[in-house]
Amino acid sequence: MAAQNKAMSGNRMLVFVPPHPLIKHWVSVLRNEQTPCPIFRNAMSELGRLLMYEASRDWLPIITGEIQSPMGVASVEFVDPREPVAIVPILRAGLALAEHASSILPATKTYHLGISRNEETLQPSVYLNKLPDKFPEGSRVIVVDPMLATGGTIVAAIDLIKERGVDNSQIKVICAVGAPPALQKLSEKFPGLHVYAGILDPTVNDKGFIIPGLGDAGDRSFGT
């Protein structure tokens, strides 16, 4: 039965909102309009650390063996550093959410991707692309974008990653807040994708901002 459920889940996108009290705490700090910039950025970083931990559960490549402890021989498991894991923060707000990625996943490579959104048309435009021409075979990729609102930015990012040889099932998305328009687009276009969110909000306004959301994550993270 477990194998059957796993096969079924591979055909559809899954969204996870981990019920951890610290995740709820940091989301609440981010929501508060009175939270000053340094504390906002720290809260975003701490939220990213927790979501990165959850997203990497049962997903990282493992090697097993035996080692000699001071008291005897022990069976052990290590994360296999030979299997590539990549972090792709979407600039600029993704930098704060991905800040502690290396403390959770020390053997990763980080590829920056800059995508801006036209304030009138809400269409994405790529202004910086540091992705490799092709990801190494078997790469696992975590895309970090704090706000999944209309979905244009995250869809553009995943399209670029897939063009470089990564399958949907090898991509995970981390966000602080997700909303229905973005999640619907991701579900329709990328079956098998997994999304990890701090919280899900009900709607997006006509300017493309999540309601109630937390405002402009980039502006509030960097004070500009």
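For all residues, glycine too, the Cβ spot is worked out from N, Cα and C.
A 10 Å cutoff on Cβ-Cβ distances gives MET147 (5-phospho-alpha-D-ribose 1-diphosphate binding site) a total of 28 other Cβ atoms nearby, all chains included. In the three-state DSSP reading, MET147 (5-phospho-alpha-D-ribose 1-diphosphate binding site) counts as strand. Per Swiss-Prot, 5-phospho-alpha-D-ribose 1-diphosphate binding site is recorded for ARG92, ARG117, ASP145, PRO146, MET147, LEU148, ALA149, THR150, GLY151, GLY152, THR153, ASP216, and the stated evidence type is similarity to another entry.
Annotation note: LYS109 (GTP binding site) sits in a strand segment as assigned by DSSP. The GTP binding site annotation in Swiss-Prot covers LYS109 and is backed by similarity to another entry.
The uracil binding site annotation in Swiss-Prot covers ILE210, GLY215, ASP216, ALA217. The Cβ of ASP216 (uracil binding site) has 12 other Cβ atoms within 10 Å, all protein chains considered.
Within its own chain, ARG92 (5-phospho-alpha-D-ribose 1-diphosphate binding site) has GLY114, GLY218, SER221, PHE222 as residues 6 or more apart in sequence whose C-beta sits under 8 angstroms from its own. Under the three-state DSSP scheme, ASP216 (uracil binding site) falls in the coil class. Between the C-alpha atoms of ASP145 (5-phospho-alpha-D-ribose 1-diphosphate binding site) and ILE210 (uracil binding site), the distance comes to 13 Å. Shown are the binding-site residues GLY151, GLY215; the one with the most C-beta atoms within 10 angstroms of its own C-beta is GLY151.
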